[in-house]
Amino acid sequence: MLARFAAHPLWLVGFRPFFALACLAGATLPLAWALLFTGAVSPAPTLPLPPLQWHAHEMFYGFGWAVLGGFLLTSTKNWVGVRGYHGGTLVFLAAAWLFDRAGMLFGGAWPAALLDLSQFLFLAAIVSLLLATLIGHREKDSYRGDNIYFLLALPLFLPAKWLTLSPEHFAAGTGMTLALFRLVFLLMLERTVTQFMRVAAKVELPRVAPLDHAVKALALALVFAPWLPSWLAAGASLLLAALLFVRWMLWQPQVALRRLDIGIMYLGYLAIVAQLALEFLGQVRAIAWVGTVQVHLFTFGAMGLIVPAMITRIAKGHTGRKAAFDARDRAVLWLMLAALFVRIGLPQLLPGAYPMWIHLSATLWAAGFGLLGWRVIPWLLQPRVDGKEH
């Protein structure tokens, strides 16, 4: 029976189960946080963490790693030219991800050893499998030089998660985690945006190797920003923001922004620039933003804008469908843009209504991922429509 279950189309390629899980997490986790934050519901006594810590952990290591897992399990096999993990291995990884979510809801009543296992089984397993692919097939890796950043970054998610789970080191853990996601998103954007512009817009983006390497090296260095002198972290953030903006201008935004499906990824890229600029400003002067703007510029701006567009394009292309965005796909992107404005912009304009903005932005985000899931999950559960195996 297990063999039959593992042979289902859902387990053919890594993006299938994990993009489905990302859509489900995106449609539920923000709403749960909004209800907790505003006191509409009380925290369950079985939560192993305080609500704020739970929210940060679940958005990064629940939702965020479902996205990264789907992307990296699919991309790494293509980079090195192998079949990739499928079947029972993906069943195990998805079960481990669900075990982590269960631990984050009910683990406060579990034995400590079981809670620890739930918190690290998935991340340790998927990082080990990704590293095994990249290291074991390094000679065939089409991004061999560049993937050193993945080889360095992926293991660092483990201590970052440990710090995020620690009450004493929560701030450092979330800072390190955000910086790791930022580095991975920059690596993904460097590869996907150039490909999408080449295929969809028939534009070859200029690549400046010294600029690209400086961006990645600075992004990696900023993973350790919580332990750097404040002046050094501020300077590195400002320099990285400036370099990213220069590259954004080189990447022909005047062409990309004519199309919502690609333009929204450029806006997500720009949100990373803005987030770094705010990190610099936060180090040099006190600014009374309403809400944790620096964090949510990345989560709502970068993740919220880039992820749905990327999931739609990959889910269509890798299931044999034409990677064109119709009205329903564009509706998802408009919902995510609205969520960004409500979460970041409106609290600065009308701070007295902050709880309402939390509810509304969470509802818009959940609606976006709910619609996205309604669109793509049926494709993920079916064989490719073009007759190819995987």
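Cβ atoms are placed via backbone N, Cα and C, with glycine included.
Here TrEMBL flags 59-76 (among others) as transmembrane segment. Taking Cβ pairs closer than 8 Å, the transmembrane segment (59-76) reaches residues 13-19, 21-22, 25-26, 29-30, 33, 84-85, 90, 93, 97, 100-101, 104, 122-123, 126, 129-130, 133-134, 150, 157, 161, 164, 174, 177-178, 181, 184, 188, 191, 299, 303, 307, 310-311, 314, 318 in its own chain, all 6 or more past its ends.
Summarising the annotation, TrEMBL assigns transmembrane segment to 88-111 (among others). Below 8 angstroms of C-beta separation, residues 2-3, 5-6, 11, 14, 16-18, 21, 25, 44-49, 54, 57-58, 61-62, 65-66, 69, 73, 117-119, 121-123, 125-126, 129 of the same chain, each at least six residues beyond the ends of the transmembrane segment (88-111), sit close to that stretch.
What TrEMBL records for 117-136 (among others) is transmembrane segment. For the transmembrane segment (117-136), the list of distant contacts is 61, 65, 69, 72-73, 76-77, 79-80, 82, 84-85, 89, 92-93, 96-97, 99-100, 102-104, 107, 110, 147, 150-151, 154-155, 157-158, 161, 165: same-chain residues at least six beyond its ends, Cβ to Cβ under 8 Å.
The transmembrane segment annotation in TrEMBL covers 148-164 (among others).
For 170-189 (among others), the entry in TrEMBL reads transmembrane segment.
Listed by sequence, the residues of this chain that lie at least six past the ends of the transmembrane segment (231-250) yet keep a Cβ under 8 A from its Cβ atoms are 186, 205-206, 208, 211-212, 214-215, 218-219, 221-222, 225, 266, 269-270, 272-274, 276-277, 279-280, 283-284. Feature annotation from TrEMBL assigns transmembrane segment to 231-250 (among others).
According to TrEMBL, the transmembrane segment annotation covers 262-281 (among others).
Annotation comment: TrEMBL describes 287-311 (among others) as transmembrane segment. Remote same-chain residues near the transmembrane segment (287-311) are listed as 19, 22-23, 26, 59, 64, 67, 70-71, 174, 178, 181-182, 185, 188-189, 192, 261-262, 264-265, 267-272, 274-275, 278-279, 281, 332-333, 336-337, 339-340, 343-344, 347-348, 351, 354, 361, 365, 368-369, 372, 376 (criterion: CB distance under 8 Å, separation of at least six residues from the stretch ends).
Through the fold, the transmembrane segment (331-350) approaches residues 260-261, 264, 267, 271, 289-291, 293, 296-297, 300-301, 304-305, 308-309, 312, 325, 357-358, 360-361, 364-365, 367-369, 371-372, 375 of its own chain, all at least 6 residues removed from its boundaries and within a Cβ separation under 8 Å. Per TrEMBL, transmembrane segment is recorded for 331-350 (among others).
According to TrEMBL, the transmembrane segment annotation covers 356-374 (among others). Long-range neighbours of the transmembrane segment (356-374) within the same chain, counting only residues 6 or more positions beyond its ends whose Cβ lies under 8 Å from a Cβ of the stretch, are 20, 22-28, 30-31, 33-34, 37-38, 300, 304, 308, 311-312, 328, 331-333, 335-336, 338-340, 342-343, 346-347, 350.
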For the transmembrane segment (262-281), give me same-chain residues lying six or more residues beyond its boundaries with a C-beta closer than 8 angstroms to one of its C-beta atoms, as numbers and ranges.
182, 185-186, 189, 192-193, 196-197, 200-201, 225, 233-235, 237-238, 240-241, 244-245, 248, 251, 253, 256, 287, 289, 293-294, 297-298, 300-306, 309-310, 333, 336-337, 340
